[in-house]
Amino acid sequence: MASEERDGDVLLQLHPEEVVETDPQLPEEIERCSGLDYNDFFWRYMHKNIPVIIANVSNDWECQNWTVGQSSPESRDLNSNPSASSINFDYLKTKISDGPVPVANCNSSYFNSHTKLELNFHDYLAKWRSSIESQSSAAWTSAEVNSNVAPASGDNLYLKDWHLAAQMPGYNFYKVPKYFASDWLNEQLIQQGKDDYRFVYMGPKNSWTSYHADVFGSFSWSTNIVGLKKWLIMPPGEELKLNDRLGNLPFSIDEKMLDEHNVRYYTINQRANEAVFVPSGWFHQVWNLTDTISVNHNWFNGCNISMVWQNLKNNLKAVCNEISDCQQMDNFEAHCQTMLRASFGINYLDFIELLEFIAARRLAEGTVATKFLLFDSYTMNDYHVQYDLECLWKITRTLTEDPTIQCSPLQLEDRCQGLLARLEF
């Protein structure tokens, strides 16, 4: 059943899974869907941790004005391959205030990462525009779709991980698609005014993102506003075939490398107005085959919260091993948690506080008349709220059995037991 309009917001209709698959099979290729309803996306892709491409998600977004084309977003061919003049630099400069933005130089690396720098946004636009005009970029051809981008000489500057939505909260340049609205991570961070995981990426042809899996083992989604991206993406576990003798993963991959190591992988050619859903633990690398702008989120919810917890535990173990020679020091466990937060982004206390926050809101759904709005647009039906509460109960029960939590001087077990008591039903 499709999401329903109610009092100006959209109701996320979730219903019990009709056919329970204990061992979901990987698809032969990544599906491209249009008109997918929320319930189907939830059970067919998100719950099974399977990627999908969803078309026609950004037709009415304000940021369609960031592109140069026909007279209105509705009349443009959003899936056409853009020319060098596709970026509306004048509109971007007028609409978005100047200020520092994070930039990666894709032609320079430092400790297995692209070199990072900071530029003022308007300076970045000027450099990008000048590069297009001076290079007279060759037209996109279909032959490029099946070949990786060859690095050019000089700087190759990619504006990445820009918190534009947080920086300009009054500028509603996009709307979170309904498929991705169940987002525990950003629900908490936005409400509490903390750094979130909502990003804008802008980059020229030949810019790219190196081989990685997403932060926390989270889901991610990426919607192209303009441009064409190529993805190489693989199911969890396949990345182990690429480890060197020290267990290190490569910085960059290509089809030849993957074929030589017998890696199962998929190729995605993502067009404008399409969203790619990236499940937890799927390693990937992405190339911009044309000048490209995208909106991206990292997030997790009841479908993958257990994977995030497992990654958190694994990273704590790695931290403890790294400083194992300091085990006799006072507050060793607390020091490990501090290092865990620094390296992983959250620690055990942060994770429990997030569970407490989401639980409080879902429990309130059953006791107050007003529903909480997700991203100012969406509410959950009763079954969806119940599903979230059941997932919260299961993961909290798992936490109470963890030795680190049981022995924590921060009384983490007491907090988990208290949360578990509130979730009993």
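Positions of Cβ are set from backbone N, Cα and C atoms, glycine also.
Noted in Swiss-Prot for the protein shown:
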BINDING   H212, D214, H284  Fe cation binding site
DOMAIN    165-316  domain 'JmjC'
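Sequence features, as recorded in Swiss-Prot, placed on the structure.
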residue: H212; record: Fe cation binding site; Cβ within 10 Å: 14
residue: D214; record: Fe cation binding site; Cβ within 10 Å: 20
residue: H284; record: Fe cation binding site; Cβ within 10 Å: 23
Quiz item: Hey, for the Fe cation site built from H212, D214, H284, who else sits with CB inside 8 A of the CB center?
Solution: T209, Y211, A213, S220, V278, W282, F283, Q285
Self-check item: Three-class DSSP secondary structure - H284 (Fe cation binding site)
Solution: strand
Quiz item: DSSP on H212 (Fe cation binding site), three-state: which is it?
Solution: strand
